[in-house]
Amino acid sequence: MTSALRLAGTLIPAMAFLSCVRPESWEPCVEVVPNITYQCMELNFYKIPDNIPFSTKNLDLSFNPLRHLGSYSFLRFPELQVLDLSRCEIQTIEDGAYQSLSHLSTLILTGNPIQSLALGAFSGLSSLQKLVAVETNLASLENFPIGHLKTLKELNVAHNLIQSFKLPEYFSNLTNLEHLDLSSNKIQNIYCKDLQVLHQMPLPNLSLDLSLNPINFIQPGAFKEIRLHKLTLRSNFDDLNVMKTCIQGLAGLEVHRLVLGEFRNERNLEEFDKSALEGLCNLTIEEFRLTYLDYYLDNIIDLFNCLANASSFSLVSVNIKRVEDFSYNFRWQHLELVNCKFEQFPTLELESLKRLTFTANKGGNAFSEVDLPSLEFLDLSRNGLSFKGCCSQSDFGTTSLKYLDLSFNDVITMGSNFLGLEQLEHLDFQHSNLKQMSQFSVFLSLRNLIYLDISHTHTTVAFNGIFDGLLSLKVLKMAGNSFQENFLPDIFTDLKNLTFLDLSQCQLEQLSPTAFDTLNKLQVLNMSHNNFFSLDVFPYKCLPSLQVLDYSLNHIMTSKNQEPQHFPSSLAFLNLTQNDFACTCEHQSFLQWIKDQRQLLVEAERMECATPSDKQGMPVLSVNITCQMNKTIIGVSVFSVLVVSVVAVLVYKFYFHLMLLAGCIKYGRGENIYDAFVIYSSQDEDWVRNELVKNLEEGVPPFQLCLHYRDFIPGVAIAANIIHEGFHKSRKVIVVVSQHFIQSRWCIFEYEIAQTWQFLSSRAGIIFIVLQKVEKTLLRQQVELYRLLSRNTYLEWEDSVLGQHIFWRRLRKALLDGRSWNPEEQ
């Protein structure tokens with residue numbers, strides 16, 4: 001009970017203390033850059049936190065219920081440069097709220113329902129360049145106390161309640177102002193007096209955005225003799241007549257860039273006619289843009305005759321029913337046609353045009369030749385265009401072209417190697433369908449080309465000279481293509497200045513060891529999304545400048561032959577993530593290298609084992625492989641291997657002896673067919689036939705002999721016949737010894753088998769017949785035979801009649817030994 005009371009006595013004061021502590025004193029802000037940038041977004045702060053370093057330069061306090069900013073609210077942050085107070089429910093800003101922020105350049109007050117703004121609210125902001133006061137309930141610029149902000153360059157007061165366009169007198173102090181955004185306010189009328197300050201203090205660099213204001217009237221002369229850098233009027237007019245009248249009210253304006261039209265999701269005009277733009281002839285315009293008009297314009301050329309002297313002309317999301325030739329009458333240097341609809345590709349003949357952007361348009365899918373002698377920049381991407389013979393000077397009518405983008409189009413047939421376009425520096429074909437790329441050296445004349453992208457162009461590289469001539473190329477992107485037999489050959493021979501190479505998604509499985517030998521300046525190489533099963537280091541040893549190598553999303557299990565340490569010393573980033581690493585003892589050295597090179601590898605923690613199954617999904621860095629076996633297991637394994645080896649050797653050496661043993665077991669004491677199996681040399685066959693066979697088989701009693709030339713079964717191995725037909729079916733064995741016998745391997749083999757047969761069979765007997773005198777030196781070569789003849793009796797063949805009589809009598813007696821007697825044989 002006492003301990004419980006003590007615990008309660010401790011917890012109650014602690015809880016009371018915590019309830020009094022403000023969240024800002026213990027909720028941590030996110031430290032983006034130590035001591036520099038802090039994000040304190042949505043932390044429910046009611047006041048400026050005091051636990052942020054004095055050195056902070058960027059502070060985000062958005063979405064906190066601060067509600068009230070008193071004087072010197074940010075005294076603790078004298079180094080502050082960017083302050084975001086978006087949607088902090090601020091209603092009151094007192095004098096000197098930002099005092100001491102002399103280095104602040106950007107202040108964002110978006111979405112605060114300000115009701116009380118003191119005259120000195122922005123005092124002390126001597127370096128402020130950007131002020132964003134969007135959605136702050138601002139009703140008039142007249143009462144906005146910013147006249148002293150002489151360094152201000154950008155003022156954004158969009159989405160407020162401003163009804164009058166009158167620019168206050170203090171604008172004459174804002175001599176550095178470059179951008180004024182008044183879009184989405186309530187301005188309906190513009191009078192001459194509203195712009196009086198711009199007559200007194202011209203701001204020729206000012207960009208003015210009046211979009212999404214419901215303008216009904218612009219007093220003629222209001223903009224007369226006023227110079228602006230940019231004027232934007234989009235989705236301002238409810239009908240065509242108002243638009244026509246207001247554009248006429250702009251008469252006398254000198255503007256560098258004029259933007260007219262609507263927004264994609266803010267359409268006010270129900271109809272459109274080219275007459276609405278006739279008032280443009282009374283303006284001096286350097287660059288003109290017309291955006292988002294869904295209505296088909298018929299014959300727009302005469303519409304823009306008054307813009308013939310402009311330097312830039314742009315149409316975005318405009319439907320054009322019919323267009324006559326863009327002829328030499330126009331002095332445009334830049335023509336932009338984006339996301340428009342054409343019935344056919346326009347005919348372009350513009351002598352002064354240097355830049356043409358014709359992208360994401362619909363209709364007119366077949367490219368037609370143009371005549372643009374001064375053209376340097378050409379973007380024809382995302383149009384679905386088809387080219388029957390690309391590319392040469394005759395296609396574009398220029399020899400000055402430096403930039404050509406034909407990406408995201410249809411079929412482009414390569415019919416020329418860019419004759420007349422030798423000045424090209426940038427060439428992009430990505431995601432177009434290129435034909436005839438590997439039939440000749442397409443880029444041979446492009447010695448000045450720096451950038452080439454042929455990614456995903458259905459190209460199959462079958463010609464090693466495909467990149468010949470690209471001596472200045474620095475960037476080559478060819479992802480998503482293929483190579484013959486999925487093998488990368490030596491195709492980069494001329495690319496000695498290449499620094500970036502992308503070979504991802506090319507289905508590569510192998511590469512030539514010398515594929516990169518000439519790329520001494522290569523810094524970035526992307527080999528990801530291919531089908532490599534091992535990391536071959538050798539091809540990269542010749543890349544002294546290589547810094548980044550990406551081998552992610554392959555099927556790499558281990559390194560190939562070479563040690564991974566042989567990568568160039570310049571390599572700083574190696575990406576091997578999402579591969580099929582084999583975490584087994586076989587690849588232990590490679591896995592250890594991965595752990596040792598953790599600082600070199602990109603996202604090494606994402607490298608996971610694919611095999612074996614029990615380690616699948618485990619991080620390679622943390623996997624632990626035990627590759628040491630138990631000593632007992634090793635000993636037993638070695639002993640087993642030795643035993644098996646010895647048995648195998650013995651079986652091999654005594655195979656036929658074992659066959660004989662198996663036969664003895666199988667046939668047992670079965671009846672013999674032959675009285676004797678004769679072993680002799682083929683060179684003694686005459687004696688065997690004329691003497692031995694004749695006297696024994698035709699004599700009394702007759703004996704049945706087994707002779708190989710007569711009794712062996714055809715189609716059966718000789719050794720099998722010797723064992724099965726000779727030994728197993730005979731009572732005795734007659735060995736005819738001669739010099740030829742001793743020198744014959746087969747005879748010696750049969751004799752050795754006969755010895756085994758005699759040992760295994762108790763009834764067996766070997767009868768030796770010495771056919772002729774054998775030299776002892778020759779006989780001693782067969783040790784066992786020599787010993788047997790020395791210790792046992794044998795028969796000798798003699799030429800005398802008496803000797804032969806005795807020979808046959810002794811031989812018959814030996815053969816009759818063990819034979820059952822049959823009286824019918826006499």
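The backbone N, Cα and C atoms fix where each Cβ goes, and this holds for glycine too.
The cysteine that Swiss-Prot pairs with Cys390 in a disulfide, picked from Cys340, Cys391, is Cys391. Cys609 is paired in Swiss-Prot with Cys583, the candidate among Cys583, Cys585, Cys664 named as its disulfide partner. For Cys29, the partner cysteine in a disulfide bond according to Swiss-Prot, taken from Cys40, Cys88, is Cys40. Swiss-Prot records a disulfide bond between Cys627 and Cys585, which is the match among Cys585, Cys664. The list of residues near the repeat 'LRR 14' (497-518) in space but at least 6 beyond its ends in sequence, with Cβ under 8 angstroms from a Cβ of it, reads 455-456, 471-483, 486-491, 524-533, 536, 538-540, 542-543, 545, 550.
The two recorded residues Asn309 (N-linked glycosylation site) and Asn173 (N-linked glycosylation site) have their Cα atoms spaced 34 Å from each other. The sparsest Cβ neighbourhood within 10 Å, among the listed glycosylation sites (Asn205, Asn282, Asn309, Asn526), is found at Asn309.
The predicted model assigns the repeat 'LRR 7' (205-225) a mean pLDDT of 96. For the glycosylation sites Asn173, Asn575, Asn624, the largest tally of other C-beta atoms within 10 A is found at Asn575. For the pair formed by Asn35 (N-linked glycosylation site) and Asn624 (N-linked glycosylation site), distance between Cα atoms is given as 40 Å, rounded to the nearest Å.
Counted within 10 Å of its Cβ, the other Cβ atoms near Asn35 (N-linked glycosylation site) come to 13, all protein chains included. Checking each of the glycosylation sites Asn282, Asn575, Asn624 against Asn205 (N-linked glycosylation site) by C-alpha distance, the shortest gap belongs to Asn282.
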